[in-house]
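Trainee: Can you keep this structure in mind? I'll have questions shortly.
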Amino acid sequence: MRTLVGFYILCLLLGQDLPLLLADDADFINDSTPNLCFATRLSDFLPPPYSNISDSMPCTPLWNTFVLRYSENRDNNVMTIIVSALYTTGWVGVGFSRDGRMVGSSAMVGWITKKGHAKIKQYYLQGTERDQVVPDQGELQLQKVPPVVALHGAMIYLAFQVKFTVRVPRRAVILAFSTAYPSKLGRLTKHDDKTTVIVDFSKASGVTSIQTTSSTEKTKHGVMAILGWGFLLPLGAFLARYLRHRDPLWYYLHIGIQFTGFIFGLAAVILGIRLYNRIQPDIPAHRGIGIFLLILSILQVLAFFARPHKETKMRRYWNWYHHWIGRISLFFGAVNILLGIRMANSGEDGWKIGYGFVLAVTLLAFLVLEIFRIRGSIGSPSSHTPPPFETHPSSTSSV
């Protein structure tokens, strides 16, 4: 009966959240973004061949003032791309990524120098440091038609032709800008802001963009994972191991905290699946471990409802199963958090420092509490029980 109730609860939880994974967000466009597609005729100031086809290109606002126009020659997979954005100073860039991350992507960056000269270069982003953004390198196969950057009114336009070896309808496009100029050698300054959008180039009537706000979604995913697998679940395990002398308090705390940790862990998995469906990152290890942890956590919840009585012989085997599945889950949970922080390398050390502190405190607490447990101070149901036949001092009388 308890097993059926537990299964029913899980079905309700998953049933409420799974439709979010299957929801079609492909038609989402931020309505607050101004429609800049019809603000001007590009053929009036762009050189050929861009001027010949620019007015008939599908067009959509993507993010902030960024607007994308494109046309594709399906015979040779050559795509003509024009990206525009509001411009004052600094640089504007558009990049293409296999996994939605900035590291490992190739980008076209354009700017107008202080003397009014137009500059456009391809960059390869080897890492997050400034010297790892390499000018005049990248994996974009630019065609013989030279790329162009033009300033018209308050808008800057980057136009280029690129050939993709494999025709993929949906591509992760990185948009970024900075108000600081690149160096004379073309070294880029740190971006003021950036985002990743998924662009569906297969739409005949125009591109449809999904504004991922990937940094926000990654933050939510990471916070849920750290709260669930990095804090609450280890805390619940500590209470079950080191607070048994406070029976039944330890039991109710253990159940409540573990179930709360399970909810946070489940939310992290759901957010992770949604993020994966949007940006399609190449992270098989992180994704596989996450699904593995979800299965283990569901088994742990079901095991609670199938827990045999203390008097039965099965209770010993159930304890072995429950303890070791929990330990394996906590170990792989920590591994997957570290893996996720490494893969989401955003150039900021806050995540590493934050979870490094949590992990260090957890390991230190484990060592200290385990020493006290071995000495018999905590963790045993009978650690504070008086020895047999001990007489209370107040009951003795002097002769």
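Positions of Cβ are set from backbone N, Cα and C atoms, glycine also.
Just so you know, TrEMBL annotations are computer predictions that nobody has curated.
The signal peptide annotation in TrEMBL covers 1-23. Per TrEMBL, the feature domain 'DOMON' maps to 64-178. Annotation comment: TrEMBL describes 185-378 as domain 'Cytochrome b561'. Annotation comment: TrEMBL describes 222-243, 250-276, 288-306, 318-341, 353-372 as transmembrane segment.
Could you place the listed features in the three-dimensional structure?
Mentor: Long-range contacts of the transmembrane segment (222-243) within the same chain, counting only residues at least 6 positions beyond its ends with a Cβ under 8 Å from a Cβ of the stretch, are 249-251, 253-254, 257-258, 260-268, 271-272, 293, 326-327, 329-330, 333-334, 336-337, 340-341, 344, 351, 354-355, 358-359, 362, 365-366, 369, 372-373, 378-379.
Listed as Cβ neighbours of the transmembrane segment (250-276) (distance under 8 Å, sequence separation of 6 or more from its ends, same chain) are residues 13, 17-18, 20-21, 212, 214, 217-218, 220-221, 224-225, 227-229, 231-233, 235-237, 239-240, 243-244, 283, 287, 290-291, 293-294, 297, 300-301, 304, 333.
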Trainee: Using DSSP, how many residues of the domain 'DOMON' (64-178) fall into helix, strand and coil, respectively?
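Mentor: Its residues fall into 3 helix, 67 strand, 45 coil.
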Trainee: Where does the mean pLDDT land for the domain 'DOMON' (64-178)?
Mentor: 83
